[in-house]
Amino acid sequence: MRFSLAILALPVLAAATAVPRGGASKCNSGPVQCCNTLVDTKDKHQTNIVGALLGLDLGSLTGLAGVNCSPVSVIGVGGNSCSTQTVCCEGTQFNGLVNVGCTPINVGL
């Protein structure tokens, strides 16, 4: 009887275990950014087109690059929401137009 009770309690305890989660409006490397476009730098055709339009050599980049990004200080407050792609970027910028090392985040706007 005790063994079956322990077996039943195990999934309940596992489900109740707290899992740490990062805040939706914070990035470890800087503010949340709202980017008009995300470019996967593995797609060299897309990277070359964006680079040519902006006058930048993006060929050596890896990961995602956010194009035309602006910081979002408080998500959803005062009209400061993002209708395109919300990302966290590692902070490297080119001419203020391209952020590299970006990771999309879901903030439920």
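The backbone N, Cα and C atoms fix where each Cβ goes, glycine too.
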Disulfide partner of Cys27 per Swiss-Prot, picked from Cys69, Cys82, Cys88, is Cys88
Candidates Cys82, Cys102; Swiss-Prot says the disulfide mate of Cys89 is Cys102
The residue that Swiss-Prot pairs with Cys82 in a disulfide, chosen from Cys34, Cys35, is Cys34
CA-CA within 10 A of Cys27 (disulfide bond), subset of disulfide-bonded residues Cys34, Cys35, Cys69, Cys82, Cys89 in residue order, equals Cys89
CB neighbours within 10 A of Cys89 (disulfide bond), counting all protein chains shown, number 24
Around the Cβ of Cys102 (disulfide bond), other Cβ atoms found within 10 Å total 25
Per DSSP (helix/strand/coil reduction), Cys69 (disulfide bond) sits in strand
